[in-house]
Ligand code: BG6
């Protein structure tokens, strides 16, 4: 069978950075291992430091050894490494782009065809605009010298701007340089297996009748990480949890939970439905900001039994930094399906554990039959939990009759877990992102309108924060589940965060 992926060249800007090491190279290695890539392709890493192709290859091998989920096989690595090249240069200078012109042409010449060019922006966001300008000025963005843009695609990582205005400017620049069908805006949560499955779970099973305000009390979305910022202090400073994760990954999960059913599985229909619901998020008003939004920054603490330092003591972080490493917020979606249903979202670093989950609390059933059972009133039952990671799966907590002579009820779990139901590894979202961009499928990529909608909401919070006195940080202990105010945010409504 012919490989659906044609020979290509991928230029990675930011090739010595964290994302390339942790995600892109291990993904390229796994795709090579599964023989999903064509025999010949070209990866050109661009970064500031000076390396030869050979040095770059050994740097990438180190990364794959360190971050790949499987043990590296020599023959697979050899197959990948022969396709890796390096181009030294500063993103703001013209030289690296000028050097790329003959280099990319030599690849076309080698294969005797115009091969598709991917430009992967894996740099800090402040470099995006310069890179796009240079790609356009040098006409690299136009592809193989034919004035036909169909041979190029751009992949761009979040955070996409730093507020609504910046995101709009970036969009304008992007759309001056590329057509929409060439732009792949990455939010890797959209490509996670367990998130994609939400569509199947909701719409391939006959449960839609309960997916609304009549049956759902509230929804919780948690993306908790026990890690700190590690070596990413430079990137994280001034970005913070709200923009790093809140504007994108939390919203990607929200969109899948809350969207209406698309007519087809095509990119156009699914993206349209995701955007429609994001546009219905009610913006945060300044008056109730303190009630609905909580931010935090970690102090020192014990994480998994190990003493850790405060955020302000991390590498490349200012000693008086005001960047938030935690955020929790409550929002509403103004449409008939979700009228009055609160969504509680939170994310943070240096929390007690690594868990991403979505908890859907169903309303208690008002049944005369069981009125005598006090349990129904405070039932911890009736929760549907989607475990995004780890222990991927879905649990439905239900009430069941305890076996015995007296009638007694208890919550029990009905559990679906990927590891027992499918004897298959869950592929990493970056493998999916790379393959989909190569075959030209934009379904699992964000859209300009979707990002504009989430930025509008996030910017309403940022504007409110901008008018408040600076927060008193640090305000949570590493190894906890965030600031005490985050617990109050939900308990004020008579509800509780669900843990484990
Ligand atoms: C990235 C953020 O986009 O997502 C990181 O920049 C975060 O700060 C990461 O740690 C979480 O992704 P995952 O796939 O590890 O849950």
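Just so it is clear, glycine is given a Cβ too, placed from its N, Cα and C backbone atoms.
Of the residues 78, 82, 94, 349, TrEMBL puts just one in the substrate site with 188, 192, 225, 244: 349. Only 244 of the binding-site residues listed as 48, 192, 244, 349 bring a Cβ under 6 Å of any atom of ligand 1; the order follows the sequence.
Each of the recorded positions 188, 192, 249, 349 was scored by how many other Cβ atoms lie within 10 Å of its Cβ, and the smallest score goes to 188. Near residue 158 (NADP(+) binding site), with the C-alpha within 10 Å of its C-alpha, lie none of the binding-site residues 192, 225, 349.
Put plainly, the binding-site residues 48, 158 were compared by Cβ crowding within 10 Å, and the winner is 158.
Residue 192 (substrate binding site) carries neither a helix nor a strand DSSP state and counts as coil. Remark: of the binding-site residues 225, 244, the most isolated position is 225 (fewest other Cβ atoms within 10 Å of its Cβ). Recorded residues residue 192 (substrate binding site) and residue 48 (NADP(+) binding site) have their alpha carbons 31 Å apart, per Cα-Cα distance.
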